[in-house]
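For reference, Swiss-Prot has these:
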type	residues	note
DOMAIN	3-382	domain 'PTS EIIC type-1'
TRANSMEM	12-32	transmembrane segment
TRANSMEM	56-76	transmembrane segment
TRANSMEM	106-126	transmembrane segment
TRANSMEM	149-169	transmembrane segment
TRANSMEM	196-216	transmembrane segment
TRANSMEM	243-263	transmembrane segment
TRANSMEM	298-318	transmembrane segment
TRANSMEM	350-370	transmembrane segment
MOD_RES	419	phosphocysteine
ACT_SITE	419	active site, phosphocysteine intermediate
SITE	552	site 'Important for phospho-donor activity'
MOD_RES	567	phosphohistidine
ACT_SITE	567	active site, tele-phosphohistidine intermediate
């Protein structure tokens, strides 16, 4: 049950990042257009309209995020939210309810929570009914067209139900808001719990009600009422920003101090290497407020430090509150947001002295703990720890392929997504995931909870996810078996080896392949062949590493350690093995020229995107490829 609950919360957490991602752009427009900066109302209003419609944006964002980017789910969410809103208004009149506050636009206002509910509903109904087949008479409304229809009806029902339930929930939220707003202890626990949830990626769920629902403020100039700490702050509420202000000293001063402590306690021979990594991580935290590169450098090797870190983060919020500091952000508590939004802050200058004091506390406390308890923070590992291996020499455009290998290959991926700083993956077989390889490829940390993995690759995580999905869509085999060959064999091929072309035909460059996975060399260097016959033979003596289930691709390892992928045709994975016959099995030793695979060339030309066959040397650089002898 815990496994399933964690997976659902993970999915919701990453889905919430879709609408949250638009806030920095809206915040920039809102601030630059404000009176204390450019004083251009048209720019300010362009940003303000996003904040005014946050519930609708959350509805669409959550729906699309949970439905795998499907626009139909987003359309259904728009329709569903509009129906929910009007249903709540009409039910409020029937029930004789009074406006929740003076000037309220709606008698029952669920705010962002209503948008999230509709987003969840639209995504669920999309997954449930997007393939439905209706009676031929109603055939036009089958499949995806049915989703907005069923969402409309369901939203009406949800609206009726919540017209009775939501007023009670709203009273509870208001009571909790008042309690926490007046409680320093409550603020401490908020900040500490928020920080403790970050390793699990569940903090997005935790902060949402605080940022977008708790507390209310009526703009005296417009009469508009907004709720939530973040939205109130940007509407000009001088009391807002209480649940954000402590992040500024933590991210701008304290985490860089942690990075410095890690550098100073590293082994002498490793300080230069560790300095480069930690200084980069510290600057990322200082400027943008992205904390994972620093936090995950010590989280897994010294969990006790992260507990201390989280408690101190709570103390920072308390101290800032005692000095009546109020400051906010649209992205995170880094230096950019600090400077940009300073004009809206109250006692924002206090962040600097508080940050400096706590930076000293963090530095000396972390330094003492690392040395006293001999914690294996970066740069302090011994050779026996197995953590001193250099990161795999993988070209940037090939990283996605190797990460997919480390995750156990395409067949092992049940769900793949990403947020700002981490890949979020659900796998079928956790034992096939190589966490050490993920770290060698650049992940600063890997979190495993049952079948769910989070690999912290920083801000490139989302682009990395897209590259992996592109590779998976092309049906490229990346298996755990292939991974073993990467780690156990030499990375450079034997220069004395001589290869033969695995297929007869015209040799062309990878740039001629009509698939960007190959043409952009995401998987490695090589060439392509336009086949003249349907036979694939072993290019050298070696071993069959893997055969894709649909038999359209073979992973091969030569006796000298050269990895070769032979991918027959483009989009041939969609043929489901039709027209292919394998003559070898995974793990089988073969001789140069031995028949590996036969395929119906005419069938592939008729049913696939192209018969052109990429031959990829997956562990060979462009320079090394020049020395490979082909005949």
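Every residue gets a Cβ built from N, Cα and C, even glycine.
Small disclaimer: the values here were computed from a predicted structure and weren't measured.
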Seminar exercise, completed: With neighbours defined as other CB atoms within 10 A, the best-packed of the recorded positions 552, 567 is 552
Problem set entry | Inter-residue C-alpha distance, residue 552 (site 'Important for phospho-donor activity') and residue 567 (phosphohistidine) (nearest angstrom) | 6
Problem set entry | Cβ pairs under 8 Å between the transmembrane segment (106-126) and the transmembrane segment (196-216), at least three | yes
Seminar exercise, completed: The answer for the transmembrane segment (298-318), taking Cβ pairs under 8 Å and residues 6+ beyond its ends, is 184, 187-192, 194-196, 199, 245-246, 249-250, 254, 258, 262, 354, 358, 361-362, 365-366, 369-370, 373, 375-378, 445-447
Exercise. With the transmembrane segment (196-216) as the reference, which stretch in 12-32, 149-169, 243-263, 350-370 has the largest tally of C-beta pairs below 8 Å?
Worked result: 12-32
For this session: Take a look at 12-32, 149-169, 243-263 and tell me which one has the most Cβ pairs under 8 Å to the transmembrane segment (350-370).
Result: 243-263
Seminar exercise, completed: Averaging pLDDT over all residues of the domain 'PTS EIIC type-1' (3-382) gives 87
